[in-house]
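> So TrEMBL lists the following for this protein:
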DOMAIN    20-102  domain 'GST N-terminal'
DOMAIN    107-236  domain 'GST C-terminal'
Amino acid sequence: MSGGKHLAKGSQKPELPDDGILRLYSMRFCPYAHRAHLVLDAKNIPYHTIFINLTEKPEWLTDYSPLGKVPALQLTKEEGNPALIESLIIAEYLDEKYPEVPLFPKDPLKKAQEKILIERFNAVVSAMYKVFLGGSEAAPGALTEISKGLDVFEKELSTRGTPYFGGDKPGMLDYMIWPWCERSAMLKYLLPDKYEMDKERFGKLIQWRDLMINDPAVKGFYLDGETHAKFMKARRENTHDYDMLVSDAKRQRTC
C-alpha cells in the first residue's frame, strides 16, 4: 500500500460496500495513522483505507472522527458502525478484539510497562519535530534531546537481550514507536551535516531498525527518508502535498 488520493472539503462521502470490513480514515504521511496501519497489517486484518486531506477536511469527517483527526477506525455494521479515534486506543482495541496475533504482553504488569515506554517515547517525538519543522537552527539542542530519549530504548533493548522489544518478533512497543524511527531517516536530508545515528551509542537500536525495515507489516507501508523529507520540506513552506505519491506514480507511468 503506497498511497491514494486524499479526500478534501467538498468531496462526497465514500460509498464502500457493506462487506463487514473495517474502514480506516488516515493520512499517508501521518505517523499516528501509521500506527494503526501497522497494527492492522501485523494482525492481517482486512480493511479499507480512506485518505483524508487534513488541511481542507471533508465536511463528513466528523461523522467518524468528532475531533476531525486521523486515525479514525470505523467498525463493522455488526458492531453498530461506531468509530474509534486516537492511535493508542485503536491499537489496544485491535489487540483485544483480534487476539490471534497478540502484540501486547498478556501479563498485566508487563503490558503496563510497555505502555509506559510508549508514553516515554513522546519526549523523542517532541524533539524530532523541532528538527523536522525548525531545521538546522533548532537542530543542536533538539538532537541532544533525541539522543537522550533514545538512550532509554537502547538500554531497554540491551537489557531484554532480544532483537525486538516484543522478543523474537515485533510487539506493540515496536510498532508504536516505529513511525518516528522510520521518519528519523529524513534528518540526513533536512540537515546540512547529513545526520546519522551514532553506531557505538545506538548499536542495538540500529540493528533493531534494520530488522524492522524487513518486517512484512513495516514493508507494506514503508517510505524512505528522502520521500518523508520531501513532504516535510513542503510542509515547512505551508504546502501540504498529500497526494505527492499519487502524482509521482502518474509521472512514472507517463515517462
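One is the number of the first residue shown, and numbering goes on along the chain from there.
Glycine too: its Cβ is placed from the backbone N, Cα and C atoms.
TrEMBL labels come from automatic prediction, so no person has curated them.
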> For the domain 'GST C-terminal' (107-236), DSSP counts of helix, strand and coil?
97 helix, 2 strand, 31 coil
> Looking only at the domain 'GST C-terminal' (107-236), what is the mean pLDDT?
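Overall, the domain 'GST C-terminal' (107-236) comes to a mean pLDDT of 95.
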> According to DSSP, how is the domain 'GST N-terminal' (20-102) divided among helix, strand and coil residues?
31 helix, 17 strand, 35 coil
